[in-house]
Amino acid sequence: MIEKIWFNNHPLKYFLWPLLWPLSLLFKMISGQRRDAYLSGKKETYRPPLPVIVVGNITAGGNGKTPVVIWLVEMLQAHGFKPGVVSRGYGAKAPNYPLVLDENTPAEHSGDEPRLIRKRTGAPVAVDPVRANAVKALLSEGVNVIITDDGLQHYALERDIEFAVIDGARRFGSECLIPLGPLREPMSRLDDVDFLVNNGGKAHGREFSMSLLPSQAVNLKTGQKRSVAELQKLVAFAGIGHPPRFFKTLENLDGDVVYTQGFADHQDFDKDELHALAKKGMNMIMTEKDAVKCEEYAQDNWWYLPVSAQFDEDSQQQILKRIKEVMEYYGSPST
């Protein structure tokens with residue numbers, strides 16, 4: 001319901017306005033004072049000895065940040081850089097922190113997004129609720145640039161380049177701050193961001209267009225690949241920021257979807273619940289982020305759909321140029 005109020009101008013918004021508007025003002029005051037305290041030096045910040053790139057957004061919910069992080073990592077790897085990724089690890093229950101992932105680290109320890117990034121890219125990934133500690137853990141891993149998955153509002157960690165990812169369809173909704181609207185920070189915050197990335201919509205102003213390109217569905221148990229259109233009677237579920245985006249993608253791929261189920265972002269899945277859900281069709285399909293959480297008990301008819309961020313060549317070159325400038329400032333040219 002809250003997203004309908006934020007993004008769809010639901011009539012209930014006007015009844016809740018007297019309650020939510022003062023709370024939004026309070027949120028603006030507290031978050032603004034917090035940011036000013038870090039930027040003015042009143043609160044301590046950490047300046048890593050290597051470049052830091054932040055990928056985040058100013059709205060609550062999923063906007064496509066993790067695919068952008070993966071794209072950045074792979075692009076930098078292709079140009080001879082050695083990126084490492086840090087994350088807060090939402091939903092993670094690590095035995096200790098900071099946690100540097102290896103290929104066998106379970107998603108329950110790292111969180112779903114760090115596990116996915118490590119699996120897709122092979123890059124060093126560290127998780128810690130205090131991102132500075134995650135960065136310090138990667139300094140011995142041979143990295144020469146840090147990318148943070150989310151953290152635009154984590155001002156305790158100093159940064160060199162900022163990306164803000166925008167949901168191209170829903171954009172900023174009511175353009176009000178939480179809880180009256182979806183904004184974590186005022187719209188004016190975007191003026192300070194280096195790169196605005198429009199995910200799946202028409203770019204405005206200086207925004208760069210980005211699309212998520214789906215590939216073939218992958219079987220969780222065998223690794224077999226098939227087109228979504230070939231899979232009959234699909235049960236689709238998604239535990240991401242905006243599940244309807246995933247369901248729309250399946251529709252665009254001519255998927256034979258007979259049932260959909262949305263879950264909360266980063267939600268821990270119940271094994272029995274998913275097994276029961278799978279019985280509603282012949283095959284079950286999920287996002288790649290969800291797949292890393294249920295690999296161990298997947299059935300033969302469970303599939304996931306990988307997606308990859310796509311930028312045009314001009315956008316990629318502008319981004320790469322800026323990163324190289326920062327890398328050269330730190331004395332870390334590509335090999």
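The backbone N, Cα and C atoms fix where each Cβ goes, and this holds for glycine too.
What Swiss-Prot says about this one:
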- Thr59, Ala60, Gly61, Gly62, Asn63, Gly64, Lys65, Thr66: ATP binding site (BINDING)
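Listed in sequence order, Glu3, Asp167, Pro182, Gly241, His242, Asp265 are the same-chain residues at least 6 apart in sequence whose CB falls under 8 Å from the CB of Gly61 (ATP binding site). Within 8 Å of the centroid defined by the CB atoms of Thr59, Ala60, Gly61, Gly62, Asn63, Gly64, Lys65, Thr66, the record's ATP site, lie the Cβ atoms of Asn57, Val165, Asp167, Gly241, His242, excluding the listed residues themselves. Cβ neighbours of Thr59 (ATP binding site) (same chain, under 8 Å, six or more residues apart in sequence): Ile166, Asp167, Phe172, Gly173, Pro182, Leu183, Arg184. Under 8 Å, Cβ to Cβ, and six or more positions away along its own chain, Ala60 (ATP binding site) finds Ile178, Pro182, Leu183, Arg184. DSSP assigns Thr59 (ATP binding site) to a strand segment in the three-state reduction.
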